[in-house]
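Sequence annotations record features per position, and here TrEMBL assigns NADP(+) binding site to A:Gly162, A:Arg163, A:Ser164, A:Ile232. Per TrEMBL, the feature domain 'Tetrahydrofolate dehydrogenase/cyclohydrolase catalytic' maps to A:4-116. Per TrEMBL, domain 'Tetrahydrofolate dehydrogenase/cyclohydrolase NAD(P)-binding' is recorded for A:136-287.
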There are 2 protein chains.
Amino acid sequence: MQLIDGNAIAESIIEELTAEVGALEGKKPTVAFIRVGDDPASVSYVRKKERTAERIGIESRLHLFPENVSKEELFAQIDALNGDPDVNGILIQAPLPKHIDETETFNRVAPGKDVDGFNTVNIGKLCQEDGSGFVACTPAGIVELIDRSGIETEGKHVVVLGRSQIVGKPAALLMMRKAVPGNATVTVCHSRTKNLPEVTRQADILIAAIGRPNFVTGDMVKDGVAVIDVGINRVEDASKKRGYRLVGDVEFEAVSPKASQITPVPGGVGPMTVAMLMHNTLRAFKAAQ
Amino acid sequence: MQLIDGNAIAESIIEELTAEVGALEGKKPTVAFIRVGDDPASVSYVRKKERTAERIGIESRLHLFPENVSKEELFAQIDALNGDPDVNGILIQAPLPKHIDETETFNRVAPGKDVDGFNTVNIGKLCQEDGSGFVACTPAGIVELIDRSGIETEGKHVVVLGRSQIVGKPAALLMMRKAVPGNATVTVCHSRTKNLPEVTRQADILIAAIGRPNFVTGDMVKDGVAVIDVGINRVEDASKKRGYRLVGDVEFEAVSPKASQITPVPGGVGPMTVAMLMHNTLRAFKAAQ
């Protein structure tokens, strides 16, 4: 069994991006972050994105709004950023307060600056295999992990566990497209699937994105499977200072001995999302030149 | 084995639409057809759509352009129709001449008038399970056939053979969505799939859209499968006056004895597409009121 080191792979991508941005003459890429409220997880995610941008040489701007911001005010900010030629990418940190519709907000971002890949146009382009769109950072990170770990997908059976709009479905579409990585036979299963272990046991590559701690047990996979565990779940753990530990959707101890390759949690898909955000920002910058 | 009579089901839909349009007071729905060149198949398809519209009470307008029309001229017509409040739906008959990009042309149609469902925004909405979009007529017709034939999809294994943007992928997305019909475990397989018969034999419902005559043979399905055959292929047949006959992607004689339900070709999915186009046009009309 070989561990897929998401931290190391993300680090390689960041180094590649740093070299590429360093070689740019004149203007630097710029990404704008919008954060609403002070949710500690959001604060921490945005800070991490700012730091990574800084390392690479991507400029970032942070726009903060209070929890009770009006939709009009928020949208006015998005519109201003859409119209600002110095801004290449716009990221709106989720979750948003309940009085603001997330889909509507994500769609307010100009498709060409939607480095998060949540705009309906970019999701449509993914489905149409139109490479000019932006792929959302988590599924894009999954594909990079697979590619950089030398996992072949062509003709392989990829089983995606979970059918969410932000992970399961885009990951499935990426794996079935006419490209490398891609060209896989893809099965999407979920909470309504009957005989789930029978389905998951067919997987040459299993992408687990169902959001349930330790859901995939040893009997649910076949020998030699490659496992991408997208889940990041908190489970109570009194032995930890913060009272919990993070586990994936896959029971690592039971599944890893059967796997050819597997991502740990944390340190698997997680670090890839920020790297892919920066990758998308540089692409948006280049497209704007 | 029960035959799924696409002609009869399409007829029911057309009757329902006729009743609904008949009950409208004041304005009637209007669909505009754009046809470029004189390809006999295109002439015949558009005529069929005009006749069905007329039966239902939907007004239609036909805009004809010569094969050598410029992109600018064609797009000016689309723009005029987009801006015309009396036009609810716009259909551009494919194929277009080679000098005009089809994706770009389909995307020129305003998403709210894109009754063909080929606009990137409508494909994205399908992926996002946003019901405000238009679903392309062939996959929408497949879902209607399944629904009106009493075929349950929840928790069932749907195998989609073919990964095209206009049939395979949207049909897969529709079958996996959180809805009825839907909630199915979905496998998409295609020309690169290894051990294809092993995959298709798992299907409770098989949607064949690979475009190869008689590709699915009797040994590729299990007893009790429900089969939706999307293929319409010409094979030479000297015994026919026109020199060919139409066959599906499924070898009907071998597969039908094992099937619980199966669509014939012709007379299965084919008649549904025109009915769904009219359904979409009426929806576009209602949304515009």
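Residue numbers in this text run from 1 along the chain shown.
Heads up, the Cβ atoms here are built off N, Cα and C, so glycines get one too.
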Item to check | List of the binding-site residues A:Gly162, A:Arg163, A:Ser164, A:Ile232 facing chain B, defined by a Cβ pair under 8 Å | outcome: A:Arg163
Checklist entry - Once the chains shown are all counted, how many other Cβ atoms turn up within 10 Å of the Cβ of A:Gly162 (NADP(+) binding site)? => result 24
Checklist outcome for this item: Ordered by sequence, the long-range same-chain Cβ contacts of A:Ser164 (NADP(+) binding site) under 8 Å (at least 6 apart) are A:Ala209
Next on the checklist: With every protein chain in view, what's the tally of Cβ atoms within 10 Å of the Cβ of A:Ile232 (NADP(+) binding site), excluding that atom itself?
Outcome noted: 16
Checklist outcome for this item: All chains considered, the count of other Cβ atoms within 10 Å of the Cβ of A:Arg163 (NADP(+) binding site) is 26
Next on the checklist: Among residues A:Gly162, A:Arg163, A:Ser164, A:Ile232 annotated as binding NADP(+), what is the maximum Cα-Cα distance? Answer in Å.
Outcome noted: 16
